[in-house]
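Listed in TrEMBL:
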type	residues	note
BINDING	Cys82, Cys86, Cys89	[4Fe-4S] cluster binding site
DOMAIN	67-283	domain 'Radical SAM core'
Amino acid sequence: MKEAMFYEKVGDEKVRCGLCRFRCLISAGRRGICMVRENRAGTLYTLVYGKAIAEHVDPIEKKPLFHVLPGSRSYSIATVGCNFRCLHCQNYAISQSSAGVMDISGIDLAPADIVAKALATGCTSIAYTYTEPTIFYEYAYDTAVLARAAGLKNIFVTNGYITPEALAHIRPYLDAANIDLKGYSDRFYREVVHAMLHEVLESIVEYKRQGIWIELTTLVIPNWNDSDEDLLGIARFIAEKVGVEVPWHVTQFYPTYKLLDQPRTPVATLRRARQIGLDAGLRYVYEGNVPGEGGESTYCPGCGELLIRRFGYAIDSNLLQDGKCPKCAFVVDGIWT
């Protein structure tokens with residue numbers, strides 16, 4: 001247990017957490033919406049510091065990050081807990097496991113141990129992922145500082161609900177993030193995610209403003225966020241408010257958790273979503289969770305040359321030369337070294 005960062009005492013032993021955009025007002029003896037930050041007699045503590053619930057060596061493409069060190073491996077960690085309640089959460093067994101539970105699950109794993117394991121397994125980055133890195137911020141922050149000193153890059157895979165001040169504090173150590181833009185309607189965020197769309201949109205813009213490389217992911221769910229209106233809304237938001245160079249991953253949903261009644265996303269829907277993004281002017285739009293689809297690969301925005309051929313998380317070929325197209329010398333956006 002460790003005292004939390006980013007909170008203020010507001011009297012009567014209450015505290016206000018300033019880590020995520022819910023900004024929970026927490027009474028003594030209670031926890032925030034993430035269920036892993038607890039007010040004990042007017043002091044806020046993180047309950048998950050040094051307690052990893054998952055650790056794996058992943059291809060960086062699994063995050064997904066297609067424009068950050070393609071073909072490299074990322075040491076990926078998580079704790080229990082999340083500040084969202086997504087009905088379609090693919091990692092609900094760990095993201096929601098702290099709700100109503102006094103004891104926090106996880107193995108003891110210090111930040112220095114994470115860095116040592118990442119180096120020993122040949123990883124070039126550490127990814128804070130699977131649940132929501134914002135809710136284990138202190139753990140991620142201390143690890144990221146050590147990782148940067150060891151020459152490793154740091155990556156968030158996030159729902160985009162961090163506050164600007166918390167993001168600014170970790171910014172010197174954070175190289176890239178994949179942010180979920182789960183839909184483009186207030187109704188979807190309210191009923192399926194239990195959060196506010198406008199907060200996520202503001203956060204995405206803030207990541208970009210602070211100079212962090214970002215890629216966005218939308219899990220396309222039939223009957224929920226797969227309309228042309230929603231998909232075009234996302235594509236235009238990226239193009240107009242964030243940048244046409246930001247990659248957009250449109251990925252296949254499969255029935256899980258509390259959305260078992262929804263069908264798997266048809267491949268035709270993903271192709272339609274990708275085309276909507278390209279027509280809106282986005283340079284890089286990818287289909288995900290459908291190995292073998294041509295929409296997994298990177299093409300040169302300048303001349304159309306196939307630059308990185310992918311099959312699932314694997315790289316079949318990478319023709320980039322110092323981040324440029326070998327045919328027309330177009331500078332492809334991303335982190336290549």
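Placed from the backbone N, Cα and C atoms, the Cβ positions cover glycine too.
Recorded features from TrEMBL, shown on the structure.
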residue: Cys82; record: [4Fe-4S] cluster binding site; CB count, 10 Å: 28
residue: Cys86; record: [4Fe-4S] cluster binding site; CB count, 10 Å: 24
residue: Cys89; record: [4Fe-4S] cluster binding site; CB count, 10 Å: 19
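Listed in chain order, the extra residues whose Cβ falls within 8 Å of the Cβ center of the [4Fe-4S] cluster site residues Cys82, Cys86, Cys89 are Phe84, Arg85, His88, Asn91, Tyr92, Ser95, Gln96, Thr131, Glu132, Asn159, Val193, Tyr257.
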